[in-house]
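J.: Here you go, one structure.
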Amino acid sequence: MANERTFSILKPDATRRNITGAVNAVIEAAGLRIVGQRRIRMTREQAEKFYEVHKERPFFGELVEFMTSGPVVVQVLEGENAVAKYREVMGATNPAQAADGTIRKQFAESVGENTVHGSDSADNARLEIAQFFNDADIAA
């Protein structure tokens with residue numbers, strides 16, 4: 001089992017409903033450590049760059065609008081197999097299909113407002129972390 005880092009965003013629906021502490025409790029209960037965390041207002045440029053992989057998808061504009069509609073909490077999580085573990089803890093993108101006990105089953109309102117983002121690979125985690133954090137921001 002490898003100790004690794006992953007990237008997380010608590011999305012505007014989570015900050016708007018003031019549930020970031022409850023989401024963090026689920027993350028920590030799963031054995032992941034929050035080693036970097038900042039509450040920010042994502043700019044349009046940041047959102048477009050971050051979700052560039054979805055640029056040609058029909059939901060891209062709506063996604064950018066949503067991610068810039070309010071504050072988000074960007075995080076670096078650390079633990080054994082952090083990428084896979086966090087994806088399991090997040091649950092399916094569609095909260096109706098998410099397993100009981102997952103973040104999205106407990107807190108997400110819809111597919112579009114699904115509370116959290118998590119990196120899908122260790123390589124993407126490194127890239128995503130670097131967009132929002134430098135080494136001095138991470139206290140392992």
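Backbone N, Cα and C define each Cβ position, glycine as well.
Checked Swiss-Prot, it gives:
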type     : residues                                   : note
ACT_SITE : His117                                     : active site, pros-phosphohistidine intermediate
BINDING  : Lys11, Phe59, Arg87, Thr93, Arg104, Asn114 : ATP binding site
J.: Which of the listed binding-site residues (Thr93, Asn114) has the least company, meaning the fewest other Cβ atoms within 10 Å of its Cβ?
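T.: With the binding-site residues Thr93, Asn114, fewest surrounding Cβ atoms within 10 Å: Thr93.
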J.: Please report the number of other Cβ atoms within 10 Å of the Cβ of Lys11 (ATP binding site).
T.: 23
J.: Specify the count of other C-beta atoms within 10 Å of the C-beta of Arg104 (ATP binding site).
T.: 23
J.: My understanding is the cutoff is Cβ-Cβ under 8 Å with a sequence separation of 6 or more in the same chain; which residues meet that for the residue listed as 'active site, pros-phosphohistidine intermediate'?
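T.: Phe7, Ser8, Ile9, Lys11 - these are the non-local Cβ neighbours of the residue listed as 'active site, pros-phosphohistidine intermediate', listed in sequence order.
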J.: I want to check the contact list for Arg87 (ATP binding site): same chain, sequence separation of six or more, C-beta distance under 8 angstroms. What comes out?
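T.: Expected: Gly118, Asp120.
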J.: What three-state class does DSSP give Arg104 (ATP binding site)?
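T.: The three-state answer is helix.
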J.: In sequence order, which same-chain residues at least six apart have a C-beta under 8 angstroms from Phe59 (ATP binding site)?
T.: Gly112
